[in-house]
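**Q** Let me give you the structure first, and then I'll get to my questions.
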Amino acid sequence: MDRVTVSSLKEMKEAGQKIAMITAYDYPSALFAEEAGAEVLLVGDSLGMVVLGYDSTVPVTMEEMLHHVKAVVRGSKRSMVVADMPFMSYQASYTDALYNAGRFLKEGGAQAVKLEGGGEIAELVAKLVTAGIPVMGHIGLTPQSVNALGGYKVQGKDLKTAQKLLDDAKALADAGAFAIVLECVPAALAAKITESIPIPTIGIGSGVNCDGQVLVYHDVLGMYPRMLPKFVKRYADLSSLIKEAIRQYVQEVKEQQFPEEKHSFTMAPEILERIY
(Lines of atoms letter the chains of each structure in order from A and count residues from 1; the text may use other names and numbers.)
(Lines give C-alpha, C1' and ligand atoms only; values in the text may rest on other atoms or scores of the structure.)
Protein backbone atom coordinates (compact mmCIF):
# COMPACT_ATOMS: atom_id res chain seq x y z
CA MET A 1 0.00 0.00 0.00
CA ASP A 2 1.41 3.37 -1.02
CA ARG A 3 1.94 6.05 1.60
CA VAL A 4 0.11 9.36 1.65
CA THR A 5 2.20 11.90 -0.25
CA VAL A 6 2.59 15.66 -0.55
CA SER A 7 0.49 15.48 -3.72
CA SER A 8 -2.19 13.46 -1.92
CA LEU A 9 -2.61 16.17 0.71
CA LYS A 10 -2.80 18.96 -1.87
CA GLU A 11 -5.44 17.00 -3.76
CA MET A 12 -7.42 16.64 -0.54
CA LYS A 13 -7.37 20.42 -0.03
CA GLU A 14 -8.51 21.01 -3.60
CA ALA A 15 -11.32 18.49 -3.18
CA GLY A 16 -12.42 19.95 0.15
CA GLN A 17 -11.54 16.76 2.03
CA LYS A 18 -10.32 17.29 5.58
CA ILE A 19 -6.91 15.98 6.64
CA ALA A 20 -6.58 14.15 9.96
CA MET A 21 -3.15 14.39 11.59
CA ILE A 22 -2.26 13.10 15.04
CA THR A 23 1.00 12.75 16.91
CA ALA A 24 2.58 9.32 17.26
CA TYR A 25 5.67 8.49 19.25
CA ASP A 26 6.20 4.72 19.01
CA TYR A 27 5.21 1.53 17.20
CA PRO A 28 1.81 0.95 18.87
CA SER A 29 0.63 4.57 18.63
CA ALA A 30 1.54 4.60 14.92
CA LEU A 31 -0.24 1.30 14.36
CA PHE A 32 -3.43 2.43 16.11
CA ALA A 33 -3.49 5.87 14.47
CA GLU A 34 -3.01 4.48 10.99
CA GLU A 35 -5.64 1.78 11.47
CA ALA A 36 -8.04 4.52 12.64
CA GLY A 37 -7.54 6.37 9.35
CA ALA A 38 -5.17 9.26 10.13
CA GLU A 39 -3.49 10.47 6.94
CA VAL A 40 -0.50 12.04 8.70
CA LEU A 41 1.47 10.95 11.78
CA LEU A 42 3.50 13.73 13.37
CA VAL A 43 6.40 12.59 15.51
CA GLY A 44 6.25 15.80 17.50
CA ASP A 45 8.90 17.16 19.80
CA SER A 46 5.97 17.21 22.21
CA LEU A 47 7.27 13.74 23.04
CA GLY A 48 9.62 15.59 25.38
CA MET A 49 6.67 16.40 27.61
CA VAL A 50 4.25 13.49 27.14
CA VAL A 51 6.79 10.66 26.79
CA LEU A 52 10.12 11.78 28.27
CA GLY A 53 8.83 13.93 31.14
CA TYR A 54 10.52 17.23 30.28
CA ASP A 55 8.89 20.52 31.26
CA SER A 56 8.93 21.77 27.66
CA THR A 57 9.96 20.74 24.15
CA VAL A 58 13.24 22.68 24.34
CA PRO A 59 15.48 19.90 25.81
CA VAL A 60 14.55 17.32 23.15
CA THR A 61 17.56 16.15 21.13
CA MET A 62 18.01 14.84 17.59
CA GLU A 63 18.94 11.40 18.90
CA GLU A 64 15.77 11.20 20.98
CA MET A 65 13.68 12.28 18.00
CA LEU A 66 15.34 9.80 15.65
CA HIS A 67 14.73 6.95 18.09
CA HIS A 68 11.00 7.65 18.08
CA VAL A 69 10.73 8.44 14.36
CA LYS A 70 12.15 5.01 13.52
CA ALA A 71 9.57 3.33 15.75
CA VAL A 72 6.68 5.24 14.17
CA VAL A 73 7.87 4.39 10.66
CA ARG A 74 8.01 0.71 11.61
CA GLY A 75 4.45 0.93 12.91
CA SER A 76 2.96 2.47 9.77
CA LYS A 77 2.65 1.58 6.10
CA ARG A 78 0.20 4.08 4.61
CA SER A 79 0.24 7.28 6.68
CA MET A 80 2.76 10.02 5.94
CA VAL A 81 5.28 10.31 8.78
CA VAL A 82 6.45 13.85 9.55
CA ALA A 83 9.38 14.42 11.91
CA ASP A 84 9.60 17.52 14.08
CA MET A 85 12.94 19.32 13.89
CA PRO A 86 13.85 19.87 17.58
CA PHE A 87 15.06 23.15 19.06
CA MET A 88 18.47 24.27 17.70
CA SER A 89 18.62 21.47 15.12
CA TYR A 90 18.09 23.96 12.29
CA GLN A 91 18.43 27.49 13.69
CA ALA A 92 22.23 27.76 13.79
CA SER A 93 23.04 27.24 10.11
CA TYR A 94 21.78 25.86 6.82
CA THR A 95 24.42 23.14 7.07
CA ASP A 96 23.04 21.96 10.42
CA ALA A 97 19.49 22.09 9.09
CA LEU A 98 20.29 20.11 5.94
CA TYR A 99 22.27 17.49 7.85
CA ASN A 100 19.65 16.99 10.56
CA ALA A 101 16.66 17.04 8.21
CA GLY A 102 18.45 14.57 5.97
CA ARG A 103 18.98 12.23 8.92
CA PHE A 104 15.23 12.10 9.54
CA LEU A 105 14.64 10.91 5.98
CA LYS A 106 17.75 8.77 5.49
CA GLU A 107 18.11 7.18 8.94
CA GLY A 108 14.64 7.62 10.38
CA GLY A 109 12.60 6.78 7.30
CA ALA A 110 10.31 9.82 7.65
CA GLN A 111 8.71 11.33 4.55
CA ALA A 112 8.96 14.96 5.66
CA VAL A 113 10.12 17.32 8.41
CA LYS A 114 8.37 20.14 10.27
CA LEU A 115 10.00 23.45 11.17
CA GLU A 116 8.68 26.22 13.40
CA GLY A 117 8.93 29.77 12.10
CA GLY A 118 7.61 32.16 9.47
CA GLY A 119 9.17 34.44 6.91
CA GLU A 120 12.48 34.39 8.74
CA ILE A 121 13.00 30.73 7.79
CA ALA A 122 11.54 30.93 4.27
CA GLU A 123 14.98 30.93 2.65
CA LEU A 124 15.98 27.87 4.68
CA VAL A 125 12.76 26.09 3.72
CA ALA A 126 13.43 26.80 0.05
CA LYS A 127 16.93 25.33 0.32
CA LEU A 128 15.69 22.19 2.06
CA VAL A 129 12.97 21.70 -0.55
CA THR A 130 15.53 22.18 -3.32
CA ALA A 131 17.62 19.48 -1.65
CA GLY A 132 14.65 17.10 -1.92
CA ILE A 133 13.36 17.34 1.65
CA PRO A 134 9.60 17.99 1.97
CA VAL A 135 8.92 20.65 4.62
CA MET A 136 5.83 21.33 6.72
CA GLY A 137 5.74 24.80 8.28
CA HIS A 138 4.43 25.78 11.71
CA ILE A 139 3.32 29.30 12.67
CA GLY A 140 1.21 30.95 15.35
CA LEU A 141 2.03 29.59 18.78
CA THR A 142 5.40 27.91 18.26
CA PRO A 143 6.28 25.92 21.42
CA GLN A 144 10.04 26.08 20.87
CA SER A 145 9.76 29.89 21.09
CA VAL A 146 7.40 29.92 24.05
CA ASN A 147 9.87 31.91 26.16
CA ALA A 148 10.17 34.61 23.50
CA LEU A 149 6.39 34.67 23.01
CA GLY A 150 5.76 35.21 26.72
CA GLY A 151 4.00 31.92 27.33
CA TYR A 152 1.32 29.80 25.71
CA LYS A 153 -0.96 32.48 24.27
CA VAL A 154 -3.21 32.91 21.24
CA GLN A 155 -1.27 34.56 18.42
CA GLY A 156 -2.53 37.06 15.83
CA LYS A 157 -5.27 38.88 17.72
CA ASP A 158 -4.13 42.39 16.78
CA LEU A 159 -3.60 43.94 13.34
CA LYS A 160 0.19 43.79 13.35
CA THR A 161 0.54 40.16 14.41
CA ALA A 162 -2.41 39.03 12.27
CA GLN A 163 -0.84 40.57 9.17
CA LYS A 164 2.50 38.98 10.04
CA LEU A 165 0.94 35.53 10.29
CA LEU A 166 -0.70 35.91 6.89
CA ASP A 167 2.58 37.14 5.42
CA ASP A 168 4.44 34.26 7.08
CA ALA A 169 2.05 31.70 5.61
CA LYS A 170 2.43 33.15 2.13
CA ALA A 171 6.22 33.25 2.48
CA LEU A 172 6.36 29.59 3.53
CA ALA A 173 4.05 28.56 0.69
CA ASP A 174 6.17 30.50 -1.81
CA ALA A 175 9.29 28.84 -0.39
CA GLY A 176 7.90 25.41 -1.22
CA ALA A 177 6.44 24.17 2.07
CA PHE A 178 3.78 21.54 1.35
CA ALA A 179 1.60 22.34 4.39
CA ILE A 180 1.51 24.65 7.40
CA VAL A 181 0.42 24.01 10.99
CA LEU A 182 -1.54 26.94 12.44
CA GLU A 183 -1.42 26.77 16.23
CA CYS A 184 -3.60 28.91 18.53
CA VAL A 185 -4.65 31.36 15.82
CA PRO A 186 -8.11 33.01 15.91
CA ALA A 187 -10.52 30.94 13.82
CA ALA A 188 -11.41 33.79 11.46
CA LEU A 189 -7.76 34.56 10.76
CA ALA A 190 -6.98 30.87 10.22
CA ALA A 191 -9.82 30.70 7.70
CA LYS A 192 -8.44 33.73 5.84
CA ILE A 193 -4.95 32.21 5.76
CA THR A 194 -6.37 28.90 4.54
CA GLU A 195 -8.14 30.50 1.59
CA SER A 196 -5.13 32.69 0.78
CA ILE A 197 -2.55 29.96 0.17
CA PRO A 198 -2.53 26.95 -2.20
CA ILE A 199 -1.19 24.45 0.35
CA PRO A 200 -3.06 22.72 3.18
CA THR A 201 -3.32 24.28 6.63
CA ILE A 202 -3.44 21.97 9.64
CA GLY A 203 -5.08 23.59 12.63
CA ILE A 204 -4.57 23.07 16.33
CA GLY A 205 -6.68 25.51 18.30
CA SER A 206 -7.37 27.44 15.09
CA GLY A 207 -10.96 26.66 14.20
CA VAL A 208 -12.82 24.32 11.89
CA ASN A 209 -12.00 26.01 8.58
CA CYS A 210 -8.41 24.81 8.33
CA ASP A 211 -7.81 22.08 5.77
CA GLY A 212 -7.07 19.61 8.55
CA GLN A 213 -6.60 19.21 12.28
CA VAL A 214 -3.91 17.83 14.59
CA LEU A 215 -3.99 16.86 18.26
CA VAL A 216 -1.59 15.14 20.62
CA TYR A 217 -2.19 11.38 20.89
CA HIS A 218 -2.12 11.35 24.69
CA ASP A 219 -4.61 14.23 24.91
CA VAL A 220 -7.08 12.56 22.52
CA LEU A 221 -6.98 9.38 24.59
CA GLY A 222 -7.04 11.03 28.01
CA MET A 223 -3.84 9.34 29.12
CA TYR A 224 -2.92 12.07 31.61
CA PRO A 225 -5.36 13.48 34.21
CA ARG A 226 -4.16 17.03 33.65
CA MET A 227 -5.66 20.34 32.67
CA LEU A 228 -6.03 20.46 28.91
CA PRO A 229 -5.83 23.47 26.59
CA LYS A 230 -9.19 24.87 25.48
CA PHE A 231 -8.75 23.46 21.98
CA VAL A 232 -8.34 19.82 23.06
CA LYS A 233 -11.23 17.38 22.94
CA ARG A 234 -10.70 14.25 25.01
CA TYR A 235 -12.22 11.23 23.24
CA ALA A 236 -11.45 8.66 25.95
CA ASP A 237 -10.31 8.40 29.57
CA LEU A 238 -7.56 5.83 29.33
CA SER A 239 -5.75 7.09 32.41
CA SER A 240 -8.51 5.70 34.64
CA LEU A 241 -8.61 2.40 32.76
CA ILE A 242 -4.83 1.99 32.87
CA LYS A 243 -4.56 2.75 36.58
CA GLU A 244 -7.44 0.42 37.44
CA ALA A 245 -5.97 -2.44 35.40
CA ILE A 246 -2.57 -2.09 37.08
CA ARG A 247 -4.20 -1.74 40.51
CA GLN A 248 -6.04 -5.05 39.98
CA TYR A 249 -2.80 -6.72 38.86
CA VAL A 250 -0.91 -5.50 41.93
CA GLN A 251 -3.71 -6.62 44.23
CA GLU A 252 -3.91 -10.10 42.68
CA VAL A 253 -0.15 -10.57 42.93
CA LYS A 254 -0.15 -9.69 46.62
CA GLU A 255 -3.18 -11.91 47.32
CA GLN A 256 -1.76 -14.78 45.24
CA GLN A 257 -4.72 -14.72 42.87
CA PHE A 258 -2.34 -14.33 39.92
CA PRO A 259 -0.99 -16.34 38.24
CA GLU A 260 -3.71 -18.98 38.11
CA GLU A 261 -3.11 -22.54 36.94
CA LYS A 262 -4.08 -21.61 33.38
CA HIS A 263 -1.23 -19.08 33.32
CA SER A 264 1.39 -21.64 34.38
CA PHE A 265 3.29 -24.45 32.64
CA THR A 266 3.43 -28.08 33.73
CA MET A 267 6.01 -30.86 33.73
CA ALA A 268 5.99 -34.59 34.37
CA PRO A 269 5.99 -35.29 38.15
CA GLU A 270 8.58 -38.06 37.77
CA ILE A 271 11.07 -35.60 36.33
CA LEU A 272 10.66 -33.34 39.33
CA GLU A 273 11.15 -36.29 41.68
CA ARG A 274 14.51 -37.10 40.08
CA ILE A 275 15.91 -33.64 40.69
CA TYR A 276 18.02 -33.30 43.86
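Every residue gets a Cβ built from N, Cα and C, even glycine.
Copied straight from Swiss-Prot:
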type     : residues            : note
ACT_SITE : E183                : active site, proton acceptor
BINDING  : D45, S46, D84, K114 : 3-methyl-2-oxobutanoate binding site
BINDING  : D45, D84, E116      : Mg(2+) binding site
**Q** Other residues near the Mg(2+) site, CB within 8 A of the CB centroid of D45, D84, E116?
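**A** Surrounding the site, in chain order, are G44, S46, T57, V60, M85, P86, F87, K114, L115, H138, P143, Q144.
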**Q** Work out how many Å separate the residue listed as 'active site, proton acceptor' and E116 (Mg(2+) binding site) at their Cα atoms, rounded off.
**A** 11
**Q** Translate the DSSP assignment of S46 (3-methyl-2-oxobutanoate binding site) into the three-state scheme.
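**A** Looking at the DSSP assignment, S46 (3-methyl-2-oxobutanoate binding site) belongs to neither helix nor strand, so coil.
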**Q** Among D45, S46, D84, K114, the annotated 3-methyl-2-oxobutanoate contacts, find the widest CA pair distance and round it to a whole Å.
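**A** Output for 3-methyl-2-oxobutanoate binders D45, S46, D84, K114: max Cα distance 13 Å.
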**Q** Work out how many Å separate E116 (Mg(2+) binding site) and D45 (3-methyl-2-oxobutanoate binding site) at their Cα atoms, rounded off.
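**A** Per the Cα atoms, E116 (Mg(2+) binding site) and D45 (3-methyl-2-oxobutanoate binding site) stand 11 Å apart.
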